[in-house]
């Protein structure tokens, strides 16, 4: 009895530790590099143990994706082959919604049948969860109202992010060759950049997930501006370049002004990263007020110009044309008149 309890306890601990230690890794499947999530976990829903195996398997659908037979096909395939990795669903990754699968199947199966193929059994829709009865993801949910724990990937000490060894070509891209331009934190810069998010954050980690992508993990402390909800937790910032500009190091406390793209927070060369000072919070708020005033002024001018153009029709440009002189009347003399006035001499 005691032995059975001990075995059960050890098994429970093994499973619990295994779940907590389940690794998340950067998405490396080329077809899925531009999904709203950039971190996945293996094995996936099709039981591929590595992304390399998943890449070989998903390649068979590249032509189908390229012909764009369905607007949700790529999303569905990536949700199956590179499932989103979140802390709450490490043991059982989130599946795509049944409706997404059905849309992709109904859109693309007629084309597949033209080439004597049918929708594969491995991608059957019957076993997938329904949106209102379980947890699942769809393109609409991510764009509009997806919960924070799904939209923003937590990278906490409980989750290990595996660093992939750099390719030979990537190793040649030495950081020393990158020359980052310093962007000064001024009002003029703020007005011209018109960034979509401004945050106070602490740099937690910087990792390269490919030759042309760097992921900077930051711990968000304050949010001064955002175009979409930003959680006050650890979030990834994506640099889609071989150069990490602006150049930052772990443990730095900074103010970041940059842009969002496809629901991903970016960290680009023309963005501003400044060592944190308390004065910067007041400045950023004042700058945002000036930016809004500038927008209101421009809108008011456009409205005024529109009203003026409607009330006063446009006048013709240039000088009015001069009146044409009356054409002189020609004194046409008939032959008989000519004979009378100019009689021939006899």
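Keep in mind that glycine also has a Cβ here, set from the backbone N, Cα and C atoms.
Swiss-Prot lists region 'Disordered' for one of the ranges 241-293, 294-346, namely 294-346. The Cβ of residue 125 (disulfide bond) lies under 8 Å from the Cβ of 98, 101, 102, 105, each on the same chain and at least six residues away in sequence. By the criterion of other Cβ atoms within 10 Å of the residue's own Cβ, the least surrounded of the disulfide-bonded residues 24, 69, 78, 101 is 69. Confidence annotation: the domain 'FZ' (19-139) carries a mean pLDDT of 87 in the model. Cβ neighbour count for residue 136 (disulfide bond): 20 (other Cβ atoms within 10 Å of its Cβ, all protein chains included). The closest partner of residue 32 (disulfide bond) among the disulfide-bonded residues, by CA position, is 85; the full candidate set was 69, 85, 108. Per-site Cβ counts within 10 Å over the disulfide-bonded residues 85, 108 peak at 85. The sparsest Cβ neighbourhood within 10 Å, among the listed disulfide-bonded residues (32, 97), is found at 32.
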